[in-house]
């Protein structure tokens, strides 16, 4: 019996391996539009796809970022400036893409642009910072997707939305987690709504990686600033010792961020080029072996595991 079971499992993984490696044909003729290409995942993905021969349309927030990217890639790659929080900028970028892709449509849309600032507790976070994260990480994704959707539908292409493992397990930085949970929900809803048009939607959930968003110096400085600007009653409730302990925990976490960004961009590339893309990709060992298993535990147990090393506030009961 065990021999039959082992043979069945082996056959399953062999078929899975074969299925995962089926690649879309004529990649050199396909256009992919990527947001957030100034740095980080978007920048690396743009260079990675360009090296593979795809026609990359890279959206950068700044002209400086666009110029630097053009200097690192072939003449095939073209850039446009895009602020995903402004509808007029999205409309202009959509028209620009339309002029480039023509009747063939847009094969790939990668919603990668995102921000994480500041790293702090919900109660310390001001409304403006929360709204900025929602505007970029969630509303921007929705507006760019809906604007580009007719072009993607024409090509029967792919949409890749970059969420986070914190869109699966909410842990710290409330505004960021809320925005990423929203990306997950939007992606699931849209995937079901447009399933009959041949468009495939994938969600990429990176763990902790060292990018511009997790720059240690900037992140810790913003955390200090957030605490400094917190109302007096907040400081009395939590206490300076609580902040200092939490600051050290965050510092250690940022130091342990992975530097291998290819773990994420390889997932994005697979979602764009595979005949059978996955619905979800968990990128990074922390995502695969800690956060994903954690998401299936009873909530009370997950809460304990996530917060067991946290300090207690000054006025804790």
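Cβ atoms here come from the backbone N, Cα and C positions, even for glycine.
Annotated in Swiss-Prot:
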type: SIGNAL; residues: 1-17; note: signal peptide
type: BINDING; residues: 33-57; note: NAD(+) binding site
type: CARBOHYD; residues: 161; note: N-linked glycosylation site
type: BINDING; residues: 164; note: substrate binding site
type: ACT_SITE; residues: 176; note: active site, proton acceptor
type: CARBOHYD; residues: 215; note: N-linked glycosylation site
type: CARBOHYD; residues: 256; note: N-linked glycosylation site
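Fewest Cβ neighbours within 10 Å among the recorded positions 161, 164, 215, 256: this applies to 256.
Same-chain residues at least 6 positions away in sequence with a Cβ under 8 Å from that of residue 41 (NAD(+) binding site) are, in sequence order, 112, 162, 206, 209, 211, 261, 264, 265, 268. Within 10 Å (C-alpha to C-alpha) of residue 164 (substrate binding site) lie the following recorded positions from 33, 176, 256: 176.
Residue 53 (NAD(+) binding site) has a Cβ environment of 13 other Cβ atoms inside 10 Å. In this structure the C-alpha atoms belonging to residue 176 (active site, proton acceptor) and residue 57 (NAD(+) binding site) are separated by 27 Å. Here the C-alpha separation of residue 37 (NAD(+) binding site) and residue 161 (N-linked glycosylation site) works out to 14 Å. Look at residue 164 (substrate binding site): DSSP puts it in coil.
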